[in-house]
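Since the structure comes first, as structure tokens, the remarks are kept for the end.
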Amino acid sequence: MKKNIALMALTGVLTLASCGQNGNTPTADTTAPTVSLSVNNANLPSGVGSVVLSGTVNEASTVVVKNNAGTTVCTVEVAASGTFTCPATTIAGNTSTTSTSTSYTATATDAAKNVGTSSVVTVNVAGVSNPAPTTAVLTIDLAGVSSAPITIKDANGNVVQGYDNVTVNDNATITVARGVYTVTAGNVSGFNGPTTNFRVDLSGGNQTVTLNYTQAGTTTPTPVGSINILTPAVGTSVTGGSTVRVTFDKANEVQCMVGGAAAVTAQVDSTSGYCDVVVPNSTGNVVITVMGKGVNGQTVTATRNISVTQAAVSYGVVTPAGDQELTLTSEGIVRDADSGWRRLGQGVSTPSDPNLNLDIYIKGTVNFSVNAPAGQKVELFLARTTGSDVPTNDDIQAGDVLRSVASTSGTETFSLDSRRLAEFDGVRKWIVVRINGTQVTYQPVIADNKGPQQPDPELNGVQNAYSNILNNYNNSGLTYVRGPVNVFTSNPSLQDREFGQAPVGSSFVQRRPAGFESIRYYLVPESAFNNKALQESDEMLRAKAVKSVATVVSAPVLEPGTVKATSFSRVIGSGATSTVAPKALDNVTYRVYAISRDQVGNETASATYDLVRFDNVGPTITGSVIRDTSDLPFPSQEPERCLSDIATISLGGIADNVGGVGLNPGQGLTFTLGGRQIQAGQFDTNQLADPEYTIGFNSLTDALGNPVVTAPTNAKVYIDNTDPTVNFNRAVMQGTYASGGRVSVESDASDGGCGVYETRLFWDTANGVVDDATTTPAIGHPVQFARQRVTDGAKADSLNAGWNALQLPNGAGAVYLRSLVVDRAGNATISTTSIVVNAKITNQARPLLGGFDAFKRNASAQFVGDDNVIAGVNGTAATPNVTGNSALDNILSLDSVGTLTTNAYLPRGATETAITEKIRNVGAYGRFDATQWNLIRDYQLNTDPTLRSAYVNAGNLANQRGNNWRIRTPWVELGSSDTANTQQKFDFNSDLLNDFYYGRTFGNNHSVNLFSYDQFNGVVSDTAGAYSFYGETVRK
């Protein structure tokens, strides 16, 4: 083995030697690889972070990345020219306030062991930021004492804990949360301390507050900090009563005062400030004091002495009374006054000084005052000039003497009646003041006691859909207006009077009245037309009269506007849709006046006026249009809403509101029902189906266009030609009952139209009989035993009742239970079910009847009869009053004694104990008038228009009625007594009127035909179910 290895080694050496000997020795690789390095994030925040280092190399190499501490970050073998990436490298967080850095370098070593090095890559880590301070230090600087109590409060007035009147030493430091605080110094014995609170703002950091204490009885030393007065200079001379501006350098909360006057708050900016103070009206030196707060909140003051001199007095100044000045109101017009004054320039003042050359305009009597030295003679004149603006001595001497007096108080007063020189109205005159015969002053005045030119009021419409105007409607002289109306004057050039040539000798060539100011419109109601002052020929007096009685007043109009044809226009509102104020009332005739006004309040009323009447209410449809007038089978409970069969159309009427303009000429009133135009007269409602209908009418207006404001009384109607339905739930058809027993009866009624009105239950022993005779021994008529009305118009009704079964002695057979239902439209239905009633064993005899009678009110009864008789037994038959409550009360009086019967039925061959039966019930009844019942029955079976209607199955309806309506006239229950006894007397009062009709209530004044009963009947029954009856006819 060893030999072979040695041989192989020798062979290799020989081979190499052989190659070298051929002259082809290879060149050695000495070129280092090129490598670069980069980092994905060179700047990291202070917290822990990470970076990714990557780079490129141009040949196959081993790449090693290290940090500046020599620690290897990663080693990567790159097979060929390409890129490399190190895994993410964690960077430790920086806890210092300065930033730190870490540098990285990559080396690449190729196969020939050549090494290339990249440039250095640095990663910076930011330092930790210092947190914003939240506290500040307040230093207490005590001047004059070594310690003192203090109180510290925050901005909300809350005491800082531990510092409520707590003693601290000089230069004490107190750490508190940043903010605004107030420091109050406490008392120190023997020392005078600060008397004000100190505001300290610690929001921006530490502050010091200085608290100055001085020994009692010593002068307070000059505080730290100062304020300097810049102007006025020391010793400046100013006039007493004048205003002086004081300027100073920077301070806070500065106030200025002069002597002992009230302080004035100064205006302060960032570098300086000022305040304006009024110096006293006296002579001598005064002190101006300026005080404020320094930068640390301490009080700082400065003073300045100035000299005050007496202002020169100008005597002879004429001043009008302040309470007579004619000022402007909130509407921009001069206030009302009979006398007064106002300063006006009238074009002679200048823009540079608008108060120059102002005249005092006066009207009425004006009070003046003039200042003059005491003890001097004061003469007052009213002068006119003769060509120059200032009166000459001759003008003065020729003037009117207003007053001549020796001045005592220094101020003299006088009055001037501006109407004394009427021919000089609008011309400048002069109040001349002459003092001691030598000093002369002048005050020009202009009297103006006349109003402007008369306006002429006119009316026109406003451009909106609602407004309308009818001038001189139907030659009535009235203008009718709907909605707002525009009031104006056609004269845009109204001038004040007197305007024109001045009298000879005046200082003005032209008169100069105060000038036109405004127009206002006044509406005087018809209730004031007889006011005599409205006929005043003086237009100014007439203006006062108009204002005293007008009820609608427009706002003043100061400008004529842009449309010359409608100058000085103003809108007067009316009606609910108008939002314009003021508003006129409907159906009131007004006179429209215009009043013009000048600059001193003189007013002129228009010589003419317009008559206007406002109407914003449309016509009214009166009464009902259609009404049910068919009483068959029964009247409608709501004849103006619920219609059946025949209705009567009256079409109502239409009228404009009282005082309105009237109906639009040529318009007629038409109505429609179900799309059909309807005419006055009878109307068969069977032409229409049964739903609800709205009565339509054409678009009517009055002459101004106001639409109808009310619909017909019955704007909606319900056509109901369908009979109600009814069926029995109990008793069971063909059920068998013993007489005297209780039969439970229940019927259900419904109506899909106007609703159920009432249900009545009857028992009957005859069926299919229509002769209306009363048979014996059975009654043979339907006899009512229960009734129920529905008052709320319900669509369904259920009636539960009990009936004590009745049967003749030894009788057995069918009894017919009948339910009669009437709906609110007057339609009716009868339903019948039959049961079998057998006489009870003890039902062997009928109750015995006592005497009975029907007699007039306050008459005596004549009891007659003791059997089943129906006749006028004693000739006292009553005649009913069918137009209202009857004056004849029918009193039914009877005395019935039940029989003591013996039970003859012996089913077991033995004699049983006799059973005594008692009277159970005595009932009073009125028989439905036979003639009227025959009409109803014939109507239901033959003549009802509904039987020919296209909206019902006429054949089925006829068959149904044919089966149910073939019955005799029913007996209507009037009252009963239900106490079991061996005998019973029963009295009952009746008004004779059939309650199928009488007592029906309607929401209108229409009456319903009333019908009386044609018989009064009584039925007496016992506990065994046997019965007797009696009756008395009623005279027709």
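Cβ from N, Cα, C; glycine included.
Some features that Swiss-Prot has for this protein:
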SIGNAL    1-17  signal peptide
DISULFID  C74-C86  disulfide bond
DISULFID  C256-C275  disulfide bond
DISULFID  C642-C754  disulfide bond
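In the structure shown, the C-beta of C754 has more C-beta neighbours within 10 angstroms than that of any other entry among the disulfide-bonded residues C86, C642, C754. Look at C754 (disulfide bond): DSSP puts it in coil.
Here the Cβ of C74 (disulfide bond) has 16 other Cβ atoms within 10 Å, regardless of which shown protein chain they belong to.
Under the DSSP three-state reduction, C86 (disulfide bond) is assigned to coil, being neither helix nor strand. Within 10 Å of its Cβ, the residue among the disulfide-bonded residues C256, C275 with the fewest other Cβ atoms is C275. Reported as a whole number, the C-alpha separation between C754 (disulfide bond) and C86 (disulfide bond) equals 97 Å.
On a Cα basis, C275 (disulfide bond) lies 80 Å away from C74 (disulfide bond). The two recorded residues, C642 (disulfide bond) and C275 (disulfide bond), have Cα atoms 90 Å apart. Cα of C275 (disulfide bond) to Cα of C86 (disulfide bond): a distance of 77 Å. Cα of C256 (disulfide bond) to Cα of C86 (disulfide bond): a distance of 79 Å.
Secondary structure at C256 (disulfide bond), taken from DSSP and collapsed to helix, strand or coil, is strand.
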